[in-house]
Amino acid sequence: MKVILASASERRQELLKRIIDDFEIIVSDFDESTVKFNGDFSVYVQELAKGKAESVAKDIKEDAIVIGCDTIVAFNGKVLGKPKDETHAFNMLKALSGNVHSVYSGIAVLDTKNNNISTESVCTNVKFSTITNEKINKYISTKEPMDKAGAYGIQGLGGVFVEEINGDYYNVVGLPLNRLYKIFGDMGVNL
């Protein structure tokens, strides 16, 4: 059966290749602003992932498995998405400096054959070292943080700020492979 990843993220594509040899990429046009945050990060990311999977699946005319995913950083009860500009990135990184934050990913796996959908979320806690303003500005000048939730990439230069991680590393990168693999098994998807 065809597998479709509803994401433009190169990181997710690279991770998915570890468990699936052949898949298509169809970028979701889902309007994330239609999902309102109700205070529960886990539910929020699952709804975002579900919306992405469903927006791609509606146009698929054959049997397929569609994977939607969304990742956020949560700190002090707030969602830290991708930074709007360099000042926003600086403020995010300054807030995370010396503190623990949580990374949530929602996964939605939709089987178009029977319209069965499974959604789950994964949470990983990450502790940052204390970062000087100079180091934050130097990191921002690389442009790496500009397309990443929480303004850092653990798999890139931003990984040097990570002092400790409790949970799934791949979740912080953007696709919790272990949970996705389990969902496939529970849904009877043969890889």
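The backbone N, Cα and C atoms fix where each Cβ goes, glycine too.
Because the structure is a prediction, the values reported are computed rather than measured.
Per Swiss-Prot, active site, proton acceptor is recorded for ASP70, and the stated evidence type is sequence analysis. Around the Cβ of ASP70 (active site, proton acceptor), a 10 Å sphere holds 28 further Cβ atoms from the protein chains shown.
Annotated site 'Important for substrate specificity' per Swiss-Prot: ARG11 (among others), in sequence order. Proximity of ARG11 (site 'Important for substrate specificity') to non-local residues of its own chain (separation of 6 or more, Cβ distance below 8 Å) is seen for GLY153, GLN155, VAL173, GLY174, LEU175, given in sequence order.
Within 10 Å of the C-beta of THR71 (site 'Important for substrate specificity') we count 27 further C-beta atoms, all protein chains included. In the three-state DSSP scheme, THR71 (site 'Important for substrate specificity') is classed as strand. Taken from Swiss-Prot, the feature site 'Important for substrate specificity' covers THR71 (among others).
The site 'Important for substrate specificity' feature in Swiss-Prot is assigned to GLN155 (among others); the stated evidence is sequence analysis. Around the Cβ of GLN155 (site 'Important for substrate specificity'), a 10 Å sphere holds 16 further Cβ atoms from the protein chains shown.
When secondary structure is read from DSSP and collapsed to three states, ARG11 (site 'Important for substrate specificity') falls in the helix class.
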